[in-house]
Amino acid sequence: MDKLVIEGPCQLEGSVQISGAKNAALPILMGCLLSETPVVLSNVPHLKDVTTTIQLLATMGVEVMFDEELNIEIDASNITTKEAPYELVKTMRASILTMGPLLARFGEAKVSLPGGCAIGSRPVNIHIEGMQKMGAEIKVEQGYIIATADRLVGADITMEPVTVTGTENLLMAAVLAEGRTTLRNAAKEPEVSDLAHFLNKMGAKITGIDTDTLVIEGVEKLTGVSYRVIPDRIEAGTYLAAAALTKSCVTVKDVVPEHLTAVLDKFTEAGALVTTTDNTITLDMRNRSLKPVNIVTDPYPAFPTDMQAQFVVMNCLAEGEANVEETIFENRFMHVSELVRMGADIHVEGNVAHTKGVDHLIGAPVMATDLRASASLILAGLVAKGETVVSRIYHIDRGYELIEEKFHKLGAHIYRAN
């Protein structure tokens, strides 16, 4: 099994190209099931979850082709089965997003209950209840959600609590439903908005994008388009955190700075000099001291849960004490015990991680437990004294494209080993 080996401490310098957002690409790939003609997607990151999604679509009879620029053409005109099997769904929670499109276009869907990261319970009840309100008959049998409907009918649905995948699934179900659907307390994440823009380009009628109330007027059919996936704000934030930790100056390119407003505010509070253009962000931490920052994670546009682990590492080396409170998912401090092995002073109480800054971290063998936790261990390795070996990095490969190559280009001493 692959490991990442990092020789620290590292000084970083230069710029890094940010990939397309995994959390936008996955629902958009599923959304291609709604189109009766081929769709061409660009800026899709080459990640394990994307490969799994393409395999999942292929098992349904979807034709998938890549061109020389690695754009993906998806033709869902001749689907042979409306089932998402356990073998593929178990590795990736986003597979549940096949349910809305299949039910909307074909009136039937059979989707295995999902797997993915080991973070909290993440219930799928909101998806099921929403589709039932739209007229679907749903039963859960032998680990599968089996849904049928003649044609979905528009409904007024309030989602409690806010759910990103729930919003996306019901949005895709609603675009071909008869009449108007209103989704209240909808997630406002940029990735949800990207899916909505994609659906509209295919012929959907969605208004209220970027707000917590989405209104969808059902249409008869959607047709294929060319579409470019938005950049990955969490990948961008991770490289900026690496710059802050290593007291370096790094520019992330091909980003949307407005998607990171809450994060950039915290970098500034931590003592960094942050400058932006239309599509770049530069963080300069040279000759500056890292200050502790208190953080509470909340749905967008507040501070994202997917940047929490990176800021815990920053707080480990900041001058003073700080609290990071996680309100979105359970079990999201699994990286803490590994950071403690590297010399960090962190105490977890419930959903709060309390850190006291230390002078330095020491390299150690550590184990990744989930996607963002594994990124935080790499960041710790970049700044720690000596060798850090991060194992179980298949978690990293689910969400970060070419991570060792990108860090290597910035000057890090990092390589992949078996």
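Glycine is no exception: its Cβ is also placed from the backbone N, Cα and C atoms.
Swiss-Prot annotations:
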ACT_SITE  CYS117  active site, proton donor
BINDING   LYS22, ASN23  phosphoenolpyruvate binding site
BINDING   ARG93, ASP306, ILE328  UDP-N-acetyl-alpha-D-glucosamine binding site
MOD_RES   CYS117  2-(S-cysteinyl)pyruvic acid O-phosphothioketal
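Sequence-distant contacts (6 or more apart, same chain, Cβ under 8 Å) of LYS22 (phosphoenolpyruvate binding site) comprise PRO45, LEU47, ASP49, VAL50, ASP232, ARG398, GLY399. For ARG93 (UDP-N-acetyl-alpha-D-glucosamine binding site) paired with ASN23 (phosphoenolpyruvate binding site), the C-alpha to C-alpha distance reads 11 Å. Note: the Cα of ILE328 (UDP-N-acetyl-alpha-D-glucosamine binding site) and the Cα of ASN23 (phosphoenolpyruvate binding site) are spaced 16 Å from each other.
The two recorded residues, ASP306 (UDP-N-acetyl-alpha-D-glucosamine binding site) and ASN23 (phosphoenolpyruvate binding site), have Cα atoms 11 Å apart. A sphere of 10 angstroms centred on the C-beta of ILE328 (UDP-N-acetyl-alpha-D-glucosamine binding site) encloses 20 other C-beta atoms.
With a 10 A radius on its CB, ARG93 (UDP-N-acetyl-alpha-D-glucosamine binding site) counts 19 other CB atoms from all the protein chains.
The number of other Cβ atoms within 10 Å of the Cβ belonging to ASP306 (UDP-N-acetyl-alpha-D-glucosamine binding site), over all protein chains shown, comes to 23.
The UDP-N-acetyl-alpha-D-glucosamine site in the record is lined by ARG93, ASP306, ILE328, and its two most distant CA atoms lie 16 Å apart. In the three-state DSSP scheme, ARG93 (UDP-N-acetyl-alpha-D-glucosamine binding site) is classed as helix.
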